[in-house]
Amino acid sequence: MSPLLVNQKLIDESYKETCENMYDSLTRQSYKSYIFIPYNFGYHWILLILSVETGNLIVFDSMRNLKSAIQHILDPLNRVWKKFVKNNKGRGQWRPELNVNMDYPCARQQQGTDWCGYYVCDYLHIMTPCGKTTDEEMRMSQMGDECYSTDRINAMCEQLAGFILNEILDPRGEFYHDGHIDRGFPSTS
């Protein structure tokens, strides 16, 4: 789910529309095993991973906030999940409510740093094997429970900058966009 469509500001300002965006995203991605939800609230990034098959929602939070601190995203996600389960009864054996796991081991952010976004990028990097044959448990074990060193953060910055340069800004990159928005309107000629 795109953090441009699902974040605390939009939930506060456009709750119904944000829930609709979450539902559309869940429906479009329901064939996947996992849906990644990078989420920003109060200048802090966390990663939520929804297991579509089990209805488990794993929360990776480098600051180890209490569940009450993210209830504003959990409530609409549960609302959307219930609607999804109701509208897709014949397709799977889903639990009626999400099972939220806040205690999953992940790296801890050092106090006084603002590295939470880098942690989320690293979690995403670890969880998306990019063609490598690794199982889920091996990827999860790479998360650890330690604070990241400055060298690891710098390495993530370098990887991210390289990705942006090579895949987004370079016209030959897979995610390059020339700025043109195709709205799907029929041509007038």
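Any Cβ shown, glycine's included, is placed from N, Cα and C.
Feature annotation from TrEMBL assigns domain 'Ubiquitin-like protease family profile' to 1-127. Helix, strand and coil counts from DSSP across the domain 'Ubiquitin-like protease family profile' (1-127) read 56 helix, 25 strand, 46 coil.
A Cβ distance under 8 Å defines the sequence-distant neighbours of the transmembrane segment (41-60), meaning residues of its chain 6+ beyond its ends; these are 7-8, 26, 29-30, 32-35, 69-70, 72-74, 77, 81, 85, 92, 94-95, 97-102, 104, 106, 114, 116-117, 119-120, 123-124, 127, 143. Marked as transmembrane segment by TrEMBL: 41-60.
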Model confidence for the domain 'Ubiquitin-like protease family profile' (1-127), as mean pLDDT, reads 88
